[in-house]
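Asker: Take a look at the following structure, please.
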Amino acid sequence: MADKKYLTTSTGAPVANNQNSVTAGTQGPTLIQDVHLLEKLAHFNRERVPERVVHAKGAGAHGYFEVTNDLTKYTKADFLSEVGKKTDMFIRFSTVAGELGSADTVRDPRGFAVKFYTEEGNYDIVGNNTPIFFIRDAIKFPDFIHTQKRNPQTHLKDPNAVWDFWSLSPESLHQVTYLMGDRGLPATYRHMNGYGSHTFRWTNAEGESVWVKYHFKTDQGVKNLAQEVGNKLAGENPDYHTEDLFNAIDKGEFPSWTLHVQIMPEEDAKTYNINPFDVTKVWPHKDYPLIEVGRMVLNRNPQNYFAEVEQATFSPGNVVPGIGFSPDKMLQGRLFAYADAHRYRVGANHNALPINRSKNEANNYQRDGQMRFDSNGGGSVNYEPNSYGGPKQTPENAQAPLAVHGFADAVPYDDEDYYSQAGDLFRLMSEEERSRVISNIVGAMEPVEKEEIKLRQIEHFYKADPEYGTRIAEGLGLSVPAEVK
Ligand code: HEM
């Protein structure tokens, strides 16, 4: 619109009256010929898209990533190709279980989703502020999330369901310990680390691959909130974290994170004592130390929340040459789930929206679909192969082949050690933090109705560390079952 001073309909016609609807006189009913009124009411009815089924409440910011260390011996990813290279990026932080309007300062993992607009397409790291997860097979994700959301009858949060599921899924113990510890309630989005959590694959120009894990360390330092403070803030300012991020960037206090990786040679994966693709486990830093990659700085707030944050679509499937997937069963499930959610939530052409569009031109033969608002390929040929110079595949950009073996079957993981790393995490805590973890867990488990569930969960805590289990049992007025000791 050339002249922004006058109001128009969405088809550009001037609006004569935006204060009064067209009626039959001062007392008469409204006339259907008031097309401006009809359009205004109808468009308003369609303002919402479905909220994300998880991670609905979030805040986003623009920034850049700058390479500080040469890791070209591990990956040929162009955006990591030279020290000093800068790439625009967008991040969205979120809570997991709450709805779009829910409080920020609740105990919950935080989403940490980064989109790098590289010259070879978008690369998304869709991680959390925890290096691990509750489950390790995608087939359990919908059940797990149902327990975190509202009860189908009461529409209330349901501690019974939460602890029933966790106690029957002991692989969750490590993440439960992490969540109930100090880092389960960050002070702000600026004061928490981010992790890719899964294992990914890097491949260099020679075609050699390594396994990799991502760690974004906050340069602001890790700070957390005491449970009571979080509770109070949830009532007084439910948007506390959203506000903090926006205001910090608005004031020019640009938050930053230093990205590190852990690198595991492919050969090690065959013999390492931890399954490197099990997202409930960390790789101890003494085995695979952190290596610096670069720095991420957030320096620009979105201009429009809906356009840039709500419509942003991140997917672990968005990778670039030099970066690939691992056989992690959770990651594999996510490769389907995200793009599918985006087609449903935002539409088949979501990648053409400004916030999701790649920096380089997307060149393919996908055409049409709802809300195709770009030139839709114009008059260019819409099939391949063709004799008209259309875009062609580039075999040199294939992911490195991965040798696989075994029977196609619904096979469980080959280890049942749910306890060592959870126990290690508990033992790493100071006495003060242990007390807070115990008190957070006891507080969370007290409302559980079935004693059977409490006892089953106490057994898991006890197996991680006898002190851990005993103190929780005492806090709940119960005893560790004799057969567990
Ligand atoms: C959001 C599925 C595990 C981090 C989502 C969404 C879905 C989903 C459907 C909503 C996407 C959208 O509407 O745009 C799953 C499934 C999982 C899984 C099926 C397991 C099989 C994980 C794990 C992490 C994670 C392990 C972290 C390591 C996130 C984040 C978002 C998200 C950060 C929000 C992205 C944004 O800000 O738009 N997940 N998820 N998810 N998930 Fe997962």
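Here the Cβ of each residue, glycine as well, is placed from N, Cα and C on the backbone.
TrEMBL labels come from automatic prediction, so no person has curated them.
The feature region 'Disordered' is assigned by TrEMBL to 1-22, 374-393. The compositional bias 'Polar residues' feature in TrEMBL is assigned to 7-22. The domain 'Catalase core' annotation in TrEMBL covers 8-392. As annotated by TrEMBL, active site applies to His55, Asn128. If you look up TrEMBL, you'll see Tyr338 marked as heme binding site.
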Asker: Are there any residues at least 6 positions away along the chain from Asn128 (active site) with a Cβ closer than 8 Å to its Cβ? List them or say none.
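Answerer: Once residues fewer than 6 apart are set aside, Asn128 (active site) is near Pro109, Arg110, Gly111, Phe112, Gly194, Tyr195, Ser197.
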Asker: In this structure, which of the recorded positions His55, Tyr338 has the fewest other Cβ atoms within 10 Å of its Cβ?
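Answerer: Each of the recorded positions His55, Tyr338 was scored by Cβ atoms within 10 Å; lowest is Tyr338.
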Asker: Give the mean pLDDT for the domain 'Catalase core' (8-392) on the 0 to 100 scale.
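Answerer: Its mean pLDDT is 98.
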Asker: Tell me the Cα distance separating His55 (active site) from the residue listed as 'heme binding site', rounded to the nearest angstrom.
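Answerer: About 12 Å separate the Cα atoms of these two residues.
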Asker: When DSSP is mapped onto helix/strand/coil, what comes out for Asn128 (active site)?
Answerer: strand
Asker: Helix, strand or coil for Tyr338 (heme binding site)? Use DSSP.
Answerer: helix
